[in-house]
Amino acid sequence: MISRRQLVAGAGAVLALPSARAIAQAGPIRIGMLTVKSGALAAGGRQMEDGFRLFLSERANRIAGREVAFMVADTGGQPALAKTRAQELVQRAGVHVVVGPVAAFEALAINDYLQEAGVPFLCASAAAEDLTQRRINPWFVRTSSTSAQPCHPLGEYVARDLGYKRVVTIADDFAFGQEQTAGFQRAFVASGGTVVRKLWSPLNVADYGSYIAQIGEPDAVFAAFAGANGLRFLRQYAEYGLKQKIPIIGAMTTVDEGVLHSMGDEALGIVSAGWYSAALPGDANRRFVTELRKETGVDPGFYSAGAYSAGLALENALQNIDGKVEDKQAFMAALRKVEIADDPRGPWRLDSYGNPIQNIYIRKTERKGGRLVNTVVKTYENVSQFWTYNAEAFLSAPVYSRNDPTKL
Amino acid sequence: MKPLLVLVVAAAAMPLLLPGEFYLAIATQVLVYGLFAVSVNLIAGYCGMVSLGHAAFLGISGYAFALLSVGAGWPIWAATTAALGLTSLTGAMFGLVALRTSGLSFLMITLALGQIVWGIAFRYVDLTNGENGISLPRPDGVLLHGTGLYYLCLAVTAGCMLFVTVLTRSPLGAAMQGVRDQPRRMSTLGYDVWAIRYVSYVLSALLAAASGILYMLTFRFISPHALSLTVSSEAVLMVIAGGLGTTFGPLLGAALVVLLKNVASAYTDRWPTLLGLIFLFIIVVVPEGLLPGARRLLGALKARVVAPDNIGANLTRASRIEGARQ
């Protein structure tokens, strides 16, 4: 049982907290990262952390002349836990900015909370369309892309440059896969192609055989998978002997560098689109790839590149306000105006919705120097999340899903 | 009664005792998941039916509350009533299906029903917004601050626990426990075993619905993850860890799981393993659950302290209760 004296002491400690926090203001810039260290999404979470840690170590743990205190919280890939972890970072650790999380549903679960708390939210991975479209949070900016952003140019490229007219799509049956497929479908159909059939496989499906059997005989197959699913699908696709007959068009994460190193010949020749490739020319990227390979032994992909860019964005914004991260309004305003010229992925800037306008690269998987790489074959410059469409018209339509734009 | 009084005072003074908003949010979560575990305990602990689909009720209630209060703009009380009613109705329908079986088959049927509801939440995008989920806007009034929310959750959870306690001491509660221990004998005695199970199943769904509304108010976001098998099975684990068929066991189990998930994960990446090891420890050392297990161990300790020939006269209250239960 707690005595009255202890109770009074406890209450005193509670009252003393705000002043302790005020003293800490002159301390380091506190950056909190929400990542996933356990469960199915752990691989992406680890790569994201690697990318950001590389940025910090390159800067000797200082941004804009100030020390950085970096803390990492594990969400377990569960929305409810992500919310608690975000609360922990904000209320207990008092972070100035939250970086992360991996999955769209985590970002959506904490978006409202961070908006109310008025905490800058620098999203390095989660690609949910609506975060920078229909559910705008003024405290939110993103350094990756929307799900469909690379898929719009890919749709056009497949119809016009590759000349495929009939395509079957297959994707992970969750928001990310659905939005990627919808974006591809919209641009592909607009360029004269036909989507014959859309197949959806559950995230944790054990066997792709029954889905591969439904593909039929189209000109090509569009495959949008995340994590290790791309690896398993491509392997089985090759085993079924379809690889030589029907070419695969991949979304960015299907042949992401994060899993590409585990793949073999089944990945050769796949054409995909993304805002990054480890094989990009340019000094910034060469340095980034070399340094990250030293740390992890493999090429950086979606998650590492997105997190590294988040570091660059932070640096850019903080330098513009002399490191005064405590002035939240000024910091956020600077963050929304971020323009990076020497990012490993190439130049990018944020649109007025907080999503990057960036180059989209059409890539072809090849074997070079004994390892698989995504060689860039064509560049679409300065692609926005709305592609060539009018932003207002785009936003008045429902968000991309299984049945939008067209049910099949 | 003295420990109970201490507990009530401690719970009421919690916002003063905890050193910050974050810890109060954790305490609130313990109450939300605790109430959910209480609902599972009502059928698993007192009526002998373990369900692996209970998250469906939490989810239906949460979704109904969110859709009615945000989508349709109903006032909070109306949305609450409707969510509770709808979930009870679903429970009444599911009960008709699930209670055609018992034991392992009941487990599988409830699992199947839970997965059906999860599938609907996942696929019926027009209604539920699929994986992107539904957010609840910031509430006004007393719920704006963590303290108000904490007291609301405390009041509801305490009220529901009181209800369960009164229920289990009523003739119906005695009949439920009879059905749990000796269904055939109860049937021979003229009790309608099916009806008793059915009533407790629907009541349990109602309690889960209450926890669903608290869940919605606490997290202000719901997606199909809230209805997943993980949530259902975690609740069963909470009940088993805390003590099946005890009043405070589910709450203790919920506290254990929530604290491990939220506090331990700040120190180690291997917290799921830690959670598994702790459950293993519980099963090996106190298989009846933490609460009854602690009572038993304390009783054994006391018995060893007093002279051996006095054991009979000095039976502790706890071990007497233990004796009465067996």
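Using the three backbone atoms N, Cα and C, a Cβ is placed for every residue, glycine included.
Looking at B:52-75, B:76-99, B:292-315, the stretch flagged in TrEMBL as transmembrane segment turns out to be B:76-99. Distant neighbours of the transmembrane segment (B:76-99): 51, 53, 56-57, 60-62, 64-65, 68-69, 106, 109-110, 113, 139, 194, 197-198, 201-202, 204-206, 208-210, 212-213; these residues of the same chain sit at least 6 beyond its ends, with a Cβ under 8 Å from one of its Cβ atoms.
The listed stretches are B:106-125, B:189-215, B:235-259; of these, B:189-215 has the most Cβ pairs under 8 Å to the transmembrane segment (B:148-168).
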